[in-house]
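Asker: Got a structure for you, written out below as structure tokens; questions coming shortly.
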Amino acid sequence: MGYLGAFLFLLGALGALAEICEIPEVDSQLVEKLGQRLLPWMDRLSLEHLNPSIYVGLRLSSWQAGTKENLYLHSLKLNYQQCLLGSASSGHNSHCQAKPSMGQLALYLLALRANCEFAGSHKGDRLVSQLKRFLEDEKRAIGHKGHPHTSYYQYGLAILALCVHQKRVHNNVVDKLLYAVKHEQHLHQGHLSVDTVAMAGLAFTCLERSHFNPSLRLQITTAIGTVQEKILKAQTPEGHFGNVYSTPLALQMLMASSTSYLELGTACLKAKAALLASLQNEVFQNTLVISQLLPVLNHKTYIDLISPDCLAPRVMLGPATETFSLTSEIISVTLKVLSIFPPYKQSIFVLAGSSLEDVLKMARELGGFTYETQASLSGPYLTSVMGNEVGEREFWQLLRDPDTPLLQGIADYRPKDGETIELRLVRW
């Protein structure tokens, strides 16, 4: 055969063995039910409740919400442009209690691309400039403090959003994310943050496909491989990548990659089986996670926003059905806060099916307990408990006794009768 023939044969054999990440079809009724959970949120059109990821998820799915989608996009444009750019006549945006964060602005730009729009108008260019300023501020924070003001998740999301709009970012901005992936301690909060590395991988994949930052091409390609390896190593025995809620974004990253691994196809099939079980058990309630999962179930990823297909046929969603219904049954949940003085511990009685946020509200109504929240990409999170505000690199961790961290936020987790929930101020 000769050396050349043997080498070509070996390459062919390896290519045959190499696998890509493919997710087989899932029962359409399960997928429709998942999409229906977004519909009630599309009726909440105030800036506080608007979530661009909902629009992105639906546009990349096989389902549509008809005129409700158009109204939602209109509300996104109206609120985000007025709040971030201000009124042309007044020159300010006093009607906004808080400006959208870097991550929210990035998701808004993804929503525009999901509608096949480029940020090319005067207002669009100003929003792009605003996002670039956010990134520059975060780059300086990383240089001074070793970490961004927000998170590397939002940092990667911002790079991705600019990339799908064909907007370049400086090499030194990309360099910070490359360094963070290579030196993984910057992506940890005691454990690997799978959704953070997955978002970084999606940003790198977009840069690679768009041929941006050519002088960093080798480092970007290497980083994509590193991200894939980290995600695959994070797969649990059940099949999830990290946990059930980080799996959709991890799958987007693996599906978007052009690199093949011998174990990739098997890992993705295992993840699909785990997702199917979670769908059947109605595990997914958070709008951000649902909006990341719907594209996966339609064989799409955020990378498809480079060249979105806005004419692809999509089926109309049926009316939304109530996933959780409150009953007349009363349950007892013990709420405790031990990381303050004096410590707080109280049994709270609420209706079965109530969220942890409902428990906190009831505790506040009873007196002796206070808390504050702030909106985030994945829902409200605690910023203050009993007057104790989170400091730099601190957060209020939610735990179920004896010492089990909750994977869901206060709006999504629904305690069971007799559970004890601890709010613990921790530093990372």
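Any Cβ shown, glycine's included, is placed from N, Cα and C.
Copied straight from TrEMBL:
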- 150-154, D195, N243, Q292, 381-382, 396-398, L406, W428: cyanocob(III)alamin binding site (BINDING)
- C21-C268: disulfide bond (DISULFID)
- C163-C206: disulfide bond (DISULFID)
- 1-18: signal peptide (SIGNAL)
Asker: Can you give me the Cα-Cα distance between N243 (cyanocob(III)alamin binding site) and C206 (disulfide bond) in Å, rounded to a whole number?
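Answerer: Roughly 25 Å, rounded to the nearest whole number.
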Asker: 10 Å Cβ neighbour count around Q154 (cyanocob(III)alamin binding site)?
Answerer: 25
Asker: Which of C163, C206, C268, L398 has the fewest nearby Cβ atoms, counting only those within 10 Å, among these recorded positions?
Answerer: L398
Asker: Can you tell me how far the Cα of W428 (cyanocob(III)alamin binding site) sits from the Cα of C21 (disulfide bond), in Å?
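Answerer: W428 (cyanocob(III)alamin binding site) and C21 (disulfide bond) have their Cα atoms 33 Å apart.
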Asker: If you count CB neighbours within 10 Å, which one among the binding-site residues Y152, Y381, W396, W428 has the smallest count?
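Answerer: Counting other Cβ atoms within 10 Å of each of the binding-site residues Y152, Y381, W396, W428 gives the minimum at W428.
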Asker: Within the chain of C21 (disulfide bond), which residues six or more apart in sequence place their C-beta under 8 angstroms from its C-beta?
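Answerer: For C21 (disulfide bond), the qualifying residues are L251, L254, M255, S257, L264, G265, A267, C268.
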Asker: What is the Cβ neighbour count of N243 (cyanocob(III)alamin binding site) at a 10 Å cut-off, with all protein chains included?
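Answerer: For N243 (cyanocob(III)alamin binding site), the 10 Å Cβ neighbour count is 15.
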Asker: List the same-chain residues at least 6 positions away in sequence whose Cβ sits under 8 Å from the Cβ of T150 (cyanocob(III)alamin binding site), in sequence order, or say none.
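Answerer: Residues satisfying the criterion: S101, M102, G103, E138.
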Asker: Could you give the Cα-Cα distance between C206 (disulfide bond) and Y152 (cyanocob(III)alamin binding site), in whole Å?
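Answerer: Approximately 17 Å lies between the Cα of C206 (disulfide bond) and that of Y152 (cyanocob(III)alamin binding site).
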